[in-house]
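Worksheet: one structure, shown below.
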Amino acid sequence: MASLLLISSPNACSITTGGNLRRSKHSTKNFYYASFGELKASQEKRATQTEYNHLRLQQSSLNHYYKCIEGGSTYQQYTRKYVLKAVPRPSFDFEPHASDPKNILDSVKKLLVAFYWFCYPYSMIGQMLSIISTSLLAVEKLSYISPLFFIGVLQAMVPQLFMSIYMNGVNQLFDVEIDKINKPHLPLASGQLSFRTGAIIVASCLTLSLWISWIVGSWPLIWNIGLCSLIWTAYSINAPLLRWKRHPLLAAMCIFATMTLIFPITIFLHIQTFVLKRPAVFSRSLIFEVAFMSLYSIGIALYKDVPDIEGDKAFGIDSISARLGQKWVFWLCVFLFEMAFGVGLLAGASSSYLWIKIVAGLGYAVLASVLWHQAKIVDLKSKTSMRSFYMLIWKLLYVAYFLMPLISQGCH
């Protein structure tokens with residue numbers, strides 16, 4: 001049999017005739033190291049897998065482990081790939097703190113603040129002062145001021161408080177996108193309150209307002225709540241034949257009707273007929289309030305859109321400010337406010353009491369002066385400046401409400 005010699009490499013095995021297998025010392029040593037290397041690599045792989053599983057349970061040690069494996073074996077990149085994928089897994093570390101009393105208290109505070117701004121507090125305060133002022137107009141004698149009188153005032157304020165929240169809230173529900181431009185600080189526009197929460201608040205307040213007025217049983221009060229709910233629903237809701245705020249004349253008429261006719265007349269009749277049990281008579285004092293508010297309410301109706309011209313144009317709201325320009329409408333509103341204070345000044349001067357002439361006349365003169373001084377420094381290019389002036393308009397109205405009952409004493 002011919003001899004056969006096969007050499008695959010310097011370290012390979014040699015086969016000789018007779019089938020005797022021989023290994024060199026050098027190849028035996030290399031075989032030992034190769035086997036040991038495979039065993040070590042296998043152990044490293046298992047260790048790496050163990051560490052990877054451990055990392056998935058304890059993500060807080062990711063950075064430390066990443067540094068440790070940065071210069072390791074050929075399996076490091078494999079491990080690192082899965083470590084990075086583990087990073088975005090959601091953490092629920094906040095759950096144990098959800099029941100923390102401090103966090104709960106902070107959440108409640110934030111909710112109350114959001115609800116406060118949802119209610120348009122300046123408007124609500126104005127309506128409450130209007131009720132008090134108009135109720136006092138019906139008082140001809142000091143003897144009429146009794147516990148029964150205060151109960152009657154409270155009967156008017158409570159349902160109107162809920163109606164005020166409804167009126168302001170329903171408008172915000174259908175103006176969320178516009179308010180993101182014009183008034184991004186409002187709770188619905190900023191996301192502090194969800195649309196669902198706002199809808200629940202609005203529906204609840206409407207129901208409570210109608211129910212309480214019905215329980216009280218005063219027909220002037222029922223007419224007040226019913227008319228306000230209808231008008232402001234039509235003003236705000238985006239539905240066929242509704243959304244009256246898109247039309248300048250209808251929008252102004254909604255505010256005029258509410259502030260000039262519905263509020264003064266129905267509250268006056270509620271106190272006069274339901275509380276004091278007297279026949280319905282429109283006194284000179286009531287006529288004065290209607291005359292004053294006819295001018296002031298139109299001014300508010302026109303001015304409220306002056307700062308919002310940008311969002312109104314974007315969403316097709318054809319306001320007077322968008323048609324005629326901010327500057328022209330601004331000074332028209334100032335003129336209407338000054339005329340209203342002028343009516344108050346003349347009414348005070350016509351009083352038969354000297355002290356009323358002095359207090360009322362001086363009071364309305366001061367209000368007119370403050371308004372004129374502030375109007376001259378308003379920056380029509382600054383929304384902050386225009387909104388600050390709008391708040392001033394309401395604050396001056398608050399003071400005017402306090403002066404109206406004084407004038408009424410000279411009109412009886």
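Cβ atoms here come from the backbone N, Cα and C positions, even for glycine.
Just so you know, TrEMBL annotations are computer predictions that nobody has curated.
Per TrEMBL, the feature transmembrane segment maps to 111-132, 144-163, 193-215, 221-242, 249-269, 281-303, 328-347, 353-372, 392-408.
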Going along the chain, which residues at least six beyond the ends of the transmembrane segment (281-303) come within the CB cut-off of under 8 Å?
133-134, 137-138, 251-252, 254-256, 258-261, 263-265, 268, 272, 320-321, 329-330, 332-334, 336-337, 339-340, 343-344, 347, 390, 393, 397, 400, 404, 407-408, 411-412
Quickly jot the same-chain residues contacting the transmembrane segment (111-132) by Cβ under 8 Å, restricted to those at least six beyond its ends, or write none.
153, 156-157, 160-161, 164-165, 167-169, 172, 185-188, 192-193, 198, 201, 259, 263-264, 267, 391, 394, 397-398, 401-402
Using a Cβ-Cβ cut-off of under 8 Å, list the residues of the same chain that are 6+ residues beyond the ends of the transmembrane segment (328-347) and lie near it.
288, 291-293, 295-296, 298-300, 302-303, 305-306, 320-321, 360-361, 363-365, 367-368, 371-372, 375, 378, 380, 393, 396, 400, 403-404, 407, 411
Test of understanding: applying the rule of at least three C-beta pairs under 8 Å (pairs 6 or more apart in sequence), is the transmembrane segment (392-408) touching the transmembrane segment (221-242)?
no
Report, as numbers and ranges, every residue of the chain located at least six residues beyond the transmembrane segment (249-269) whose Cβ falls under 8 Å of a Cβ in that stretch; write 'none' if there are none.
127, 130-131, 134-135, 137-138, 156, 220-221, 223-224, 227-228, 231-232, 234-235, 280, 282, 286, 289-290, 293-294, 296-298, 300-302, 304-305, 319-320
